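Noted in Swiss-Prot for the protein shown:
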type	residues	note
SIGNAL	1-18	signal peptide
CARBOHYD	Asn52	N-linked glycosylation site
CARBOHYD	Asn63	N-linked glycosylation site
DOMAIN	65-245	domain 'FAD-binding PCMH-type'
CARBOHYD	Asn89	N-linked glycosylation site
BINDING	Phe100, Gly102, Arg103, Gly104, Ser106, Gln110, Asp169, Thr174, Ser180, Ile184, Ile235, Tyr491, Ser527, Gln530	FAD binding site
MOD_RES	His105	pros-8alpha-FAD histidine
CARBOHYD	Asn134	N-linked glycosylation site
BINDING	Asp169, Glu381, Ser456	trans-zeatin binding site
BINDING	Asp169, Glu381	N(6)-dimethylallyladenine binding site
CARBOHYD	Asn294	N-linked glycosylation site
CARBOHYD	Asn323	N-linked glycosylation site
CARBOHYD	Asn338	N-linked glycosylation site
CARBOHYD	Asn434	N-linked glycosylation site
Amino acid sequence: MAVVYYLLLAGLIACSHALAAGTPALGDDRGRPWPASLAALALDGKLRTDSNATAAASTDFGNITSALPAAVLYPSSTGDLVALLSAANSTPGWPYTIAFRGRGHSLMGQAFAPGGVVVNMASLGDAAAPPRINVSADGRYVDAGGEQVWIDVLRASLARGVAPRSWNDYLYLTVGGTLSNAGISGQAFRHGPQISNVLEMDVITGHGEMVTCSKQLNADLFDAVLGGLGQFGVITRARIAVEPAPARARWVRFVYTDFAAFSADQERLTAPRPGGGGASFGPMSYVEGSVFVNQSLATDLANTGFFTDADVARIVALAGERNATTVYSIEATLNYDNATAAAAAVDQELASVLGTLSYVEGFAFQRDVAYAAFLDRVHGEEVALNKLGLWRVPHPWLNMFVPRSRIADFDRGVFKGILQGTDIVGPLIVYPLNKSMWDDGMSAATPSEDVFYAVSLLFSSVAPNDLARLQEQNRRILRFCDLAGIQYKTYLARHTDRSDWVRHFGAAKWNRFVEMKNKYDPKRLLSPGQDIFN
């Protein structure tokens, strides 16, 4: 969850207008002539080379690195994408790599195309009428353009009484972007990541061919693209499984000062039921967890937007009484419909769940909210941070999958070790996932154990010159894991060394990844910002 430059010689403005009109331009600022086939493309959209367009495509949410492209394509149809990629394949010596930018939410330039062509996918949705989101007549799935954002998929689905089963925490990401990574949130323990909930896709490969794929049709492309980091093609349509949408969510948080109790309860809430065939779970619809380091405990508790001032004061006092350097909180929901009887049943079911947990007595908190409001909860934080000028700051995030057998070691070494005594701005999230709900044939890489933890250290650099400290802190965390022999997998990361990518995927999956690259993007055109093949 989708989960992102130019120049000219003399006559920049005139050449830019010429390209937009589809007539030949002189070339780029490196002295490379525009291929005749590019200059002659009959595009419905616009290919822009002006500084406004290229500068906007040279940065991302991470706000750590930047790279100017040579041009930005604003497509008006999927035909524009086919035309661009077909020209790239048919032109000898084509010098431009191609990246597909959704909402620019990559962290380290993964959606950049330095000196190449960035495709602004949002333009595809802007040009579409009606919008490229359609719920099936039987309510079994929703078809969504790869450029569509999940908040719009939610709204269109709710209008028909249904909703996708698996989400991201933040809904203003594109369908194609998150499916190119995995797409995880607190529903993934029971439904798998978003990539496990895709029924069919339309993909334009690196050859410029539009291919419909599924588990039954062109299955190798289907599996490769899901979690494939944009290396094999661009998703222009995804068919996503949906379910009847609940109306409300009972939103609860339980507080712990003991990591063993915290993690055991998380696993209890997310474990498949015995005899359920691996697909039957307890009543909770969503389960995540948060870690609060004592140095910034009060601020971070308040920043959740969940706890009242009185709640924060009580939790801070609890930490003091127990001399706790870290506090943990399970966050969960139990979804239900609007009927009074359903609300009463939720009360009863929640009481039953509470009786099985080992949180600190008296430290269970709950709220009742609309289902859509819960799913869109992070957007309110975005609005608030934007007003304070704290949203568009560097985000040196570190996202990992840690095997269950080593999560206690991670807690001791990182939460109770490296992060102690540091200033932390941003949430620390940790929750278990079931490997059985992932399809290992897809490109996404996960640890080998049956249960592993998603760990998201979502740091923001808000103090002057703090970015370098946070980046070094991330390196210390990774060094600790390496030295401790923790077989983690990074998520949403960019490696710059081929051996790191081989380690990330594992030998067998890496060999398959290379095979699919050779088949579907042999010229190594796509998504150069991932630094896998470029």
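Just so you know, glycine gets a Cβ as well, placed from its N, Cα and C.
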Exercise. What does DSSP call His105 (pros-8alpha-FAD histidine) in the simple three-state scheme?
Worked result: coil
Problem set entry | Mapped DSSP class for Ile235 (FAD binding site), helix or strand or coil | strand
For this session: From the recorded positions Asn134, Ser180, Asn323, pick the residue whose C-alpha lies nearest to the C-alpha of Glu381 (trans-zeatin binding site).
Result: Ser180
For this session: Summarise the model confidence on the domain 'FAD-binding PCMH-type' (65-245) as a single mean pLDDT, whole number.
Result: 96
Seminar exercise, completed: For FAD, with binding residues Phe100, Gly102, Arg103, Gly104, Ser106, Gln110, Asp169, Thr174, Ser180, Ile184, Ile235, Tyr491, Ser527, Gln530 per the record, max Cα distance (Å, no decimals) returned as 24
Problem set entry | Rounded distance in angstrom between the Cα atoms of Ile235 (FAD binding site) and Asn434 (N-linked glycosylation site) | 26
Exercise. Cα-Cα separation of Asn63 (N-linked glycosylation site) and Asn134 (N-linked glycosylation site), in Å?
Worked result: 34
Exercise. Same-chain residues six or more away whose CB lies under 8 A from the CB of Asn338 (N-linked glycosylation site)?
Worked result: Ala247, Arg248
Problem set entry | Integer Cα-Cα distance in angstrom, Asn294 (N-linked glycosylation site) to Ser456 (trans-zeatin binding site) | 18
